[in-house]
């Protein structure tokens, strides 16, 4: 009896062990097999990616008349997002706060445009006199270059003369008038998109976050949205104050240097500071030309440009890094390439949007990529 019970017990044990062995064998056999990709497969993958990038850039350029105001509205809306949240905390509805912020922004733009109408009108009225004076100053230097064959008669007759410019002024005016209507339409698109984006900003965020099924990805999306709004708000608030100091300094420099319309010079210095590299280069060149046209001495003529360049270098290399810190530090080469790319794609508005778009891309990359990377143990 004992032997029979032992045999039956062993049979039960073997019956219980056999399925586990079968499952272990099945687990071992169901492993993934990675197929090696050939050079032709990699070439096809990169070709598809390249074609997609080319088509995307072409589509962005063709739809620039619509995408420019919408993109600008989204960037401005992200900057004003913190102010909209403050108004929402006071119990103001989101759409009403969007209307309030958009109205204040439009009033600020109207005030700036109304302030600049007078100086710009005076500048347009004195443009022929300034052109003649510039020709008289530059002509002796151009006559020294023999292969150009430029004489004083070259500017008094032919397509470069003042009479030809006056005759062609109707063409210039018609070109400007043809661009006014699209500009008005783009302005209306911008303000409409700004109101709707500020009013439905939280709904858009919720829709994009819920689109992710995983909880970890949803939390990552929330952190990314918050980081973008904080980075843009902090950057533009700080940059506006710092560049306002540059604009005030430029106004003082233009007034002390004897240049006409110092307030206009200060505003252009403030506005051009938002375009790194190209802005300071354009302002320095314009100041050098205006100084040489104003003063007979070469030293006094170049002094306003040198003073502005020195102030700008101190602000960009010492004050701005000390205030902003390394949190918003961007590679200068990447910023330069972004400015060239967006200027080629969208013109002056693209140059203004290059820095915020680069800041958004860097923020998304820093939030999505892992921060704690494993460092390899290098030999001593």
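Each residue, glycine too, has its Cβ placed from N, Cα and C.
Taking TrEMBL as the reference, the stretch among 15-37, 38-60 described by the feature transmembrane segment is residues 38-60.
With a cut-off of 8 Å on Cβ pairs spaced 6 or more residues apart, the transmembrane segment (335-364) and the transmembrane segment (96-117) reach fewer than 3 such pairs and are scored as not touching.
Outside the transmembrane segment (66-84) by six or more residues, the chain places 60, 94, 97-98, 101, 105, 186-187, 189-191, 193-194, 197-198, 201, 228-230, 232-233, 236, 346, 349-350, 353, 356-357, 360 with a CB less than 8 A from a CB of the stretch.
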